[in-house]
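The Zn(2+) binding site feature in Swiss-Prot is assigned to 67, 70, 84, 101; the stated evidence is experimental evidence. As annotated by Swiss-Prot, ATP binding site applies to 168, 169, 170, 171, 172, 173, 174, 175. Residues or ranges marked as region 'N-terminal domain (Nd)' in Swiss-Prot: 1-136. Feature annotation from Swiss-Prot assigns region 'C-terminal domain (Cd)' to 137-311.
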């Protein structure tokens, strides 16, 4: 059997191998970043080190070094995905160290924010809402901004704060505002959940059959910051009012957990909605008790403006 060393000598001594090696070396030495690195370290790097580290230098030039050609929508092609290489001198060799790239940091931050902002049955296009997109020319929006600013300050300092009950005509941007508040919280690394109430109620009714009702209720009861979107649009029954909404709000009130609401109804109109069940039963005391919880948790602000969904 031919010794391995002699076999390797045979391969490396072949003309085609030597040609490829020279082409690789030429490509490496023409690279501007490599040239700059060698010049910067010319006192410690000699030709022998370059020859010894040729494979590392080639690995370096074949990768994106500054993410200038990367897109957030593309997969990273680097050896270590999401990291860019930097040449370093390591003893008598040239080596590569990898650093997290700006694009990866940004995407990781976005994923973290998305994980903090949970939603149930909310349109996906609304979940990217920010206050930078909000028209503040309307006085009602200025009042809302002031309250949100005060809330964030209080929540940051104490973990508590009074939410908002946003009400107004269909399409004036109430859900958008809730999503913007949730994103603002996520930027500060606070968790929240937005729930579209009518669909949530329908799911809870179905959960009576698969015995997941308590689990779903507890998730909404205990989330750090809750936003109930379109309260009052659900089909009103005594069970919905007392066992679902009432139970959730009682827990959140007792634990002082911040809660936000949006509705097409003013507080008085919502009270009327909760007074009458589908059967026509009139229960003013229970409706009043529920409204007390809502107004304890949230300050009412009317949002004015045109219908922004259908110009």
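Even glycines carry a Cβ here, placed using N, Cα and C.
Since we're looking at a predicted model, the values are computed, not measured.
Mapped onto this structure are the features recorded in Swiss-Prot.
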| residue | record | DSSP class |
| --- | --- | --- |
| 84 | Zn(2+) binding site | strand |
| 101 | Zn(2+) binding site | coil |
| 168 | ATP binding site | coil |
| 173 | ATP binding site | coil |
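Across the region 'C-terminal domain (Cd)' (137-311), the model assigns an average pLDDT of 91. Reported as a whole number, the C-alpha separation between residue 84 (Zn(2+) binding site) and residue 175 (ATP binding site) equals 40 Å. Listed in sequence order, the residues of the same chain lying 6 or more apart from residue 174 (ATP binding site) and placing their CB within less than 8 Å of its CB are 166, 167, 168, 229, 262, 263, 303. Looking at 168, 171, 173, the binding-site residues in this record, the fewest other C-beta atoms within 10 angstroms of the C-beta turn up around 171. Just so you know, the Cβ of residue 84 (Zn(2+) binding site) picks up 21 other Cβ atoms within 10 Å once every protein chain is counted. On a Cα basis, residue 101 (Zn(2+) binding site) lies 37 Å away from residue 173 (ATP binding site). Here the candidates are the binding-site residues 169, 170, 171, 172, 175. The one whose C-alpha lies nearest to that of residue 101 (Zn(2+) binding site) is 175.
Other Cβ atoms within 10 Å of the Cβ of residue 170 (ATP binding site), summed over all protein chains shown, number 11. With all protein chains in the displayed structure included, the most crowded Cβ environment within 10 Å among the binding-site residues 169, 172, 175 is that of 172.
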